[in-house]
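Features as listed in TrEMBL:
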TRANSMEM  37-55  transmembrane segment
CARBOHYD  71  N-linked glycosylation site
TRANSMEM  109-128  transmembrane segment
TRANSMEM  206-229  transmembrane segment
TRANSMEM  263-289  transmembrane segment
């Protein structure tokens, strides 16, 4: 065997992708980076701020300070603080001088309402995890495995072509058979291409992904409206008049009708609400952008894999409306590009095809491998 033949065999053997050492299922990312960031902020931010509010409450004690009459004892003053914090009702007068009451009870439940907000923000993630992740996981495993196998099949095809061409007494007859096989699409990978085409007609994953973003958008908008309501109605009143002349104390003459009180941590609640509301408003465009990703194809990934023989989803214009499961799978393939070993190889081949002067000589990865194997001297030009 000549030195050139040996070198060509080593080139082709090195071009084959090694078998993955471990299970690919362990490292698959089943959430897009932007979705993971949204989950971290929308769920973690209210939990973090509420924990700070609770820690300050437990360390500082009462959140209210009432100005009891001077003749009240210490126990009576403590009772006034506790009774006014329990009621949180402001007694005042309207413009016509009539007595009116206004409940400030939302201030008491404000930290707990943020806990409810965190739970609501976690619901879209649970929907995606249990409704879409199992199907997406199996789709990604199959497609990644088939794409890498398709690349290896192309390299093994060139290895077989070399052996047949060396054993052939008529090189021109061999290349005629090769051209006819290309025209009749004998080198195509029907399982992979038809599977992707089937996913193009499915809409379960895209429906769940859009529903997830719509729910998240709805919860973000509802939280912002809730915080706006609190600011317009409650968060501008840190002082109120409290009445404790109820029950057994109603007939006591020495108890004043109204006692002025002040909320100690009112500014903390304002800061927390402004922080949550401001960041949630900034996240709304991010959610909208995630949903709008499905309105266009990620053609960069498929265009690289058109270097595989007869893999032409783009050139045959099979990509129609992008709102389908195939587009969702392409987004997650892009997020798991490190698991797709053949992508870097094919991307390099595509770059070499763009840089070469005779682009017609390199149509697929098979053509590129035949050039590496030294068959370009007898291969006909397309």
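Placed from the backbone N, Cα and C atoms, the Cβ positions cover glycine too.
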- Message: Counting only residues 6 or more past its boundaries, what in the same chain has a CB within less than 8 Å of a CB in the transmembrane segment (37-55)?
- Response: 31, 111, 114-115, 117-118, 121-122, 125, 216, 219-220, 265, 268-269, 272, 275-276, 279-280, 283, 286-287, 290
- Inside 10 Å of the Cβ of residue 71 (N-linked glycosylation site), count up the other Cβ atoms and send me the figure. 7
- Residues sitting near the transmembrane segment (206-229): Cβ under 8 Å, six or more positions beyond its termini, same chain? 38, 42, 113, 117, 120-121, 123-125, 127-128, 131-132, 273-274, 276-277, 280-281, 283-284, 287-288, 290-291, 294, 323-325, 327-328
